[in-house]
Amino acid sequence: MVISDYFEIERAYAKLNLYLDVLSKRPDGYHNITGLFQTIDLHDELEISQIDKRGEVRIETNIEIQGTNLIEKAFRTVEKFYNVGFGIKVRLKKNIPMGSGLGGGSSDAAAVLRFLGRKLKISIKDLLILAAEVGSDVPFLIVGGTAIVEGRGEKVTFLNPISDYRVDLFCPTISVSTKFAYQMIHESTYAKKPDFALKLYEAYLKRDHNQIKALSYNVFQEIMTSKYPQIQDALDKAQRCNPIVAMMTGSGSCIFAVQADKGKYRFIEDVFQHL
């Protein structure tokens, strides 16, 4: 097999759910959500190159990939709609913890879609449609930055970026299944306040720390902290840092603490500003 010496580097950025609620369960088995999503500068790094063998996906990584391989799923999804006359080799350096709610696997898939989009001249609009076929977080992570996300994740409204905030992460060494998390919640736990995501965004822009704390919400947090003492311990540790707000991202297990002027990671603009 001939492998090109030429590769492109893609960064797959982690995401935070600054707000996350479930509005209803859909007939197709998915859930309608509403959320305020934000990328931070923690990222996986992918070296992606074309290989001659059509349809082959080769992945080399520093850790074992668990569950569905979203990198391969991204490639197969593009194959269904486009004439992809090559395979790909991906060297993946994982920095985003798996099963943490930080969207690492989805962001890796989005990085592969961006690569294929350039090679096959696929528009961003069409990439977003393909991304929705791959996974619920993938459309947002094609672009990243700051966005209101609705539907099952396919409806993304990109917003002017929230800037000048930093965040620390407190990630217990447990992995939470998204499928399991959705099985644990029920309609009585839904906040059903779809306007709160936009109100929270406005509070971040105004740097209104009291409103940020009051409006921040994750529908999974109460259930997951009661189910997993390690997540509650991480939340307690984060709150001792006196942040603007500390909360869980996604369905867990990672806790983030938002700070005004300190913290290891920072909020970033869309991914195209950081390639």
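Cβ atoms here come from the backbone N, Cα and C positions, even for glycine.
Here Swiss-Prot flags Lys15 (among others) as active site. Other Cβ atoms within 10 Å of the Cβ of Lys15 (active site), summed over all protein chains shown, number 28.
Other C-beta atoms found within 10 angstroms of the C-beta of Asp137 (active site) number 26, with every protein chain shown included. Sequence annotations record features per position, and here Swiss-Prot assigns active site to Asp137 (among others) based on sequence analysis.
Around Gly99 (ATP binding site), taking its Cβ as the centre, 21 other Cβ atoms fall within 10 Å, counting all chains. Residues annotated as ATP binding site in Swiss-Prot, with sequence analysis given as evidence: Pro97, Met98, Gly99, Ser100, Gly101, Leu102, Gly103, Gly104, Gly105, Ser106, Ser107.
Separation of the C-alpha atoms of Gly99 (ATP binding site) and Lys15 (active site): 13 Å, rounded to the nearest whole number.
Other than the site residues Pro97, Met98, Gly99, Ser100, Gly101, Leu102, Gly103, Gly104, Gly105, Ser106, Ser107, same-chain residues with C-beta atoms no more than 8 angstroms from the centre of those residues' C-beta atoms, the ATP site, are Ala14, Ile96, Gly250. Gly103 (ATP binding site) and Asp137 (active site) are 7 Å apart (CA-CA, integer value).
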